[in-house]
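Novice: Following this message is one structure expressed as structure tokens.
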Amino acid sequence: MVPAWLWLLCFSVPQALVEVSPTTLHVEVPENYGGNFPLYLTKLPWPHKEAGGRVVLSGDSGVAAEGPFSVEAESGFLLVTRALDREEQAEYQIQVTLEAEDGHVLWGPQSVTVHVKDENDQVPQFSQALYSARLSQGTRPGVPFLFLEASDGDEPGTANSDLRFHILSQTPAQPSPDVFRLEPRLGALALSPEGSAGFDHALEGPYQLLVQVKDMGDQASGHQATATVEISIVESTWTPLEPVHLAENLKVPYPHHLAQVHWSGGDVHYRLESQPPGPFDVDTEGKLYVTGELDREAQEQYVLQVQAQNSRGEDYAEPLELHVVVTDENDHAPVCPPRGPPVSVPELSPPGTAVTTLSAEDADAPGSPNSHVVYRLLSPEPQEGPEGGAFQLDPTSGSVSLGAAPLEAGQNMLLQVLAVDLAGAEAGLSSTCEVAVTVTDVNDHAPEFTSSQVGPVSLPEDTEPGTLVATLTATDADLEPAFRLMDFTIEAGDGEGTFGLDWEPDSGHVQLYLLKNLSYEAAPSHTVVVVVRNVVETVGPGPGPGATATVTVLVEKVMPPPRLEQKSYEADIPVNAPAGSFLLTIQPAEPWNGALRFSLVNDSEGWFCIQKVSGEVHTARPLQGARPGDSYTVLVEAQDADAPRLSTSAALVIHFLRAPPAPALPLAPMPSRHLCTPRQDHGVLIPAPSEDPDMATGHGPYSFALGPNPTVQRDWRLQPLNDSHAFLTLALHWVEPREHIVPVVVSQDARVWQLPVRVVVCRCNTEGECMRKVGRMKGMPTKLSAVGILVGTLAAIGFFLILIFTHLALARKKDLDAPADNVPLKAAA
């Protein structure tokens, strides 16, 4: 018994026994204290001066007004008034407050935690006084088959509750006194190696064990308790399993029972492992199940390992193996190989030539009917008849070869082959395989010319070498570009090498060129034979008649071209010369057998023109933009009208002169003439002003032109007749009938005159005489009087007609009223 003053001394030293925290005081009290009470626990941090008031204790349910704790108001000591039991309550939470009479808090609250220190006052207890267990023969040594359970009411984790298990006795003691082994800390009962060796020969037992549990750990002192364990030894039922054959895609309710295992010992848990993992399970009774459909193509066989384990997952014995073999069902159709690039078959290949071999894969069991694949050609369908189809198919090997029907180059065909398992039975699964076939070309066609006869082609004998004579075209029915390459040669008709060939091998066109000068006297004609051949050797028959083309060339004798009087010409003209002014005449140097046609070239300004037949050069329009002192060059070309290739040319240089002064004496208007409208074949003859000796001093011909007025040039046409006269006619079909003043410009050398020509345009009769409108004659009736006379005449005629018809009517009536006897004889007849 510890004296009270000692406890007071201990609790008065906070540094030793009291754990002080900023907010909570911790105090430890031994349970079942046997000393005097009250027991001083600790001194609270009470106010230094008497504050008065009352002390209030509050806390958990173990602290009440009549509870085991109190506070001495004078000293501030916390007291416990009776013994505490840790098993009843291990800890108390207290709050101490000093309050005034009115409830006002003077001090606190102060939290205090009281820990009840454990004493070894509890005896261990087994969960059962008698344990029963079954031990199967074949149990591995060291694997617990029974777990003893005991409890101690003292504080966990302390020596007071640290339990140890021991076997006190074993009955019977055969074959060894240590048949079993008990794990001291866990209470796990297992077979010892000595006991396991004994059980291999014969069954023993039952066994009875007296076991003990003691607290205080490995210390000699402590409380203890005992229990009895009865162990029966049973024969092992852990026997190997026969393989199970299970059909794939089995349509049964799942889970589906496969087999059952049984561990004859007690406290067993079954565990299942599948290699590879599969849809399998085991229940608490050891029944094995498949939980879903199996697929043989995914996994042909499973190895199931079943383990019998204790509650800690330790195997009692070696696992049992169950082999599950998945049997095949015809659940997979043949799989065709992927469609590859087209298979090339040469044209003209003989029947039986191998094309390709199909190999459809069936995922069902190899060697079984489910994977026995046969083949059938779907497209193109086999044809009846002596030739048969274009392809043949071996139904067993899937080999495709050529049939007797011919194939054409360039054909692209798609073969469809049906692959059927179950050796082609009706219930077999099938797939359609496709093979693309292309018939490649061979050089079995010789090239041929599109035309075997060309010409005749006429060439002048002065034709320059290098001139193209003719172009020949050849075709080749082959498709391959390499087989269409052609080579051309001159086979006959060109012994002197007068002609040559030029071509591109892949063009199909060949040009026949002239290589040497022709001679009409040496050979007036040539017959050139050209042959075409393939560059690549032809398969089959050689070139036919179409491979030869004949070109006929006729040589024309060359005539010399015409010559002009001069190699170049020069002429002068004032810059104000009107349109139609004469410059000069171009003449050939010698008479030409044919007709010459003249033309101007390089007249960029369009100032001049030349008569095609006569060669006279005139101004085509006013020389606007020309400056005195400048020169203008055009090219005069003369060609034979029948042979345009016979031509010559000469340069015409025109010098522009300053405009001469206008004549001082104006011309008198010419007397008026008349023309008919609508236009008839009549005109007005305009002479040159030769009457005036001052104006007719020139020596050259006269030129006539219309004035620059656009309306005049539109309505009238002026044609020169000779060097001194011109002919004026209407240019339009209809011109307004009236008197017109037509300005005509006349020029001679550098002198210019303007003649105002009076022309009366009128309507004409058939003889071409002008019908002129006349004025009203004296005494001629007016329109009104003429109408009156006409109306009066018609009225008089009408009046006389009325009298006549009235008289006739009255006479007829008188005749009808007379008696019959008075009718004249002539009338009666």
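Counting begins at 1 with the first residue displayed.
Placed from the backbone N, Cα and C atoms, the Cβ positions cover glycine too.
What Swiss-Prot records for 1-18 is signal peptide. Under the heading domain 'Cadherin 2', Swiss-Prot lists 131-235. Per Swiss-Prot, the feature domain 'Cadherin 3' maps to 242-336. If you look up Swiss-Prot, you'll see 455-564 marked as domain 'Cadherin 5', on the strength of sequence analysis. Under the heading N-linked glycosylation site, Swiss-Prot lists N517, N602, N722. According to Swiss-Prot, the domain 'Cadherin 6' annotation covers 569-665. The feature region 'Ectodomain G' is assigned by Swiss-Prot to 666-786. What Swiss-Prot records for 787-807 is transmembrane segment.
In the displayed structure, how are the listed features positioned relative to their neighbours?
Specialist: Confidence annotation: the domain 'Cadherin 2' (131-235) carries a mean pLDDT of 88 in the model.
DSSP places the residues of the domain 'Cadherin 3' (242-336) in helix, strand and coil in these numbers: 0 helix, 42 strand, 53 coil.
Counting Cβ atoms from all protein chains shown, N517 (N-linked glycosylation site) has 12 others lying within 10 Å of its own Cβ.
Taking all protein chains in view, 12 other C-beta atoms sit within 10 angstroms of the C-beta of N602 (N-linked glycosylation site).
Secondary structure at N722 (N-linked glycosylation site), taken from DSSP and collapsed to helix, strand or coil, is coil. Remark: N722 (N-linked glycosylation site) has P701 as non-local neighbours, by Cβ distance under 8 Å and separation of at least 6 in sequence.
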Novice: Rounded to an integer, what is the Cα-Cα distance in Å between N517 (N-linked glycosylation site) and N602 (N-linked glycosylation site)?
Specialist: 33
Novice: Translate the DSSP assignment of N517 (N-linked glycosylation site) into the three-state scheme.
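Specialist: The residue in question, N517 (N-linked glycosylation site), is coil (DSSP, three-state).
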